[in-house]
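Over in TrEMBL, the protein carries these features:
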ZN_FING   40-64  zinc finger
DOMAIN    258-339  domain 'Toprim'
Amino acid sequence: MANFFPEDLIEEIRVNNDIVEVISEYVKLEKKGKNYFGRCPFHNEKTGSFSVEPVKQIFHCFGCGKGGNVIHFVMSIENLDFIEALKLLADRARIQIPEMNKGVHDDERAKLKKELLQINIEAARFFYNNLIDEKNRIPFQYLAKRKIERQTITKFGLGYAEDKYDTLYRHLKTAGFSDSSIFASGLVIIKEETKKVYDRFRGRIMFPIFDIRGNVIAFGGRVLDSSQPKYMNSPETAVYQKGKHLYAMNFAKSNCAKKIILAEGYMDVISLHQRGIINAVAPLGTALTESQGKLLKKYSEEIILSFDSDSAGQKAALRSLDLLSDIGCNAKVLTIPSGKDPDEFIKTYGVDEFRNLIDSSKSLLDFKLDILDSRIDTSTNEGKVKFIDKAVLILDRIDNNVERELYVKKLSKDFGISEQSIYSEMAKRQKNIEGYERKQLKDIAANKKNTVNKGKTAEFSEERLVKMYLMLLAAICMENNVYFQIKDALDIEKIKAVEIKEALVFACNQIESRAGVLVGEILNKLSSPMAESFANIIQSQSVYENNKKAALDIIKKIDLYGLEARKEEILEIKKRSDLSEGDVELLNQELGSIVLNIAMLKKGL
């Protein structure tokens, strides 16, 4: 994909987007020596193993292995393809990308995504016009009854899907969209048996779902009566993955640096925004996902959960709190009294009282302990024992020793139980866990040993060969003059991996022309998986302590791989029954020469 763009344009965009500045918009970085470190946004971790090197303009996670340059980072963090990431960074640096050749715009995936976004915006206009049409008074009155104002309807693009079979389908066809694209949008369904086409959403208030950049990517629909299902959402499409987006995040993102409110549903969010709490968002009809949690963490320092206070709401809050805690978020719970949802509470008591609830939100631990206390009768000794047994499970999640001690003191005081007794119960549980973990580790080690033994015959795998070529490329990039010292030993033509071959040819040509080659330029040439491996190698100091020696050793290992592969091939050929004595003799001669060369190469390594 990168080849559709001029190399100098890609490099201009990369150079004008400092990797530390870009990543700092997503990850809190701390400078340690020459590099910056933080918690990896691509996997759960408690300690920062995510490294950013400003000199080389690369990132690498020592935990999950993710790595690359600023373009690869944006591709991964925003779930974009190469072209989309390049355009985002070009916009950020205010660099204009000229119209590219037709091949870029005819890319099937990009073409479909573009058309789906056009269909969605057309559908949103259609639903909105239905809602404000005087003939559809009932849905408009429904929103008025919920005290949703006209300007709020406009802001969120609320609409109405008429209770008719195919009005949207016919409208989209009239607008010039193809059947294949309309069906791919999920807005229209075709019954296989009858081939009858009908609209997915009928007789519902419509809520457009926007991505972070404000594109309409899907819809939610709510019935006007008590029929089921109450809410219905678009299926997943090429532009919509429900577990990766949050409702109203496009509005909230610029207003939630300190605090963000996570509500349960569309109406809660809309009500909060209408009353000036514009840092509210909601999941999209499912339990909070890890991707959504990371999106929240990216934009805010503190996440306040505002769920219903009924049993289902408490369970949802607990699930979400645990998930947010595991990915390193500072999350709290807003407890609404009287069993009301946020919308009802604000209508009854006003927005200022709701802001007071936000300020008095409870931490994960306090919320869990409060729920535990409400479910167990602690007026009896039996109840106290049961409570402490459960509370110990909660306290075990505390990493900070001071925080743990404060909670132990509080429980000791509240229940008249010595601190030592509580610590003893915690120690007992820890001992049980350690015993279980030792058994698990022992089983894992045994399985690993069996796997290694089985895999010894495939020591020189294709994957290892690719890694060796990447190591060679790294050595040349780190010290360009090394190329002239090893070029006679380097046979690029025998490289089968096209991507690596092209990158090596580019590097060699750049060095031959005295222009030189940088790590960032090579990363531009590699796909994300290959770029991660390359960045990982660049991070390894052992690779380039002595670049000439490293490069020559790698070439020897590559030659060794070829000889080992040919040796195995000859041994397989010799098993055939149709060989003549002359054939066998020639094979034995070649085999003898190979064995000798292998021995010499191994001696030189």
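Please read every residue number as a count from 1 along the shown chain.
Every residue gets a Cβ built from N, Cα and C, even glycine.
TrEMBL does not curate its annotations; it predicts them automatically.
With DSSP states grouped into helix (H, G, I), strand (E, B) and coil, the zinc finger (40-64) comes out at 0 helix, 8 strand, 17 coil. Helix, strand and coil content of the domain 'Toprim' (258-339), in residues and according to DSSP, is 38 helix, 17 strand, 27 coil. Mean model confidence of the zinc finger (40-64) amounts to 84 (pLDDT, 0 to 100 scale).
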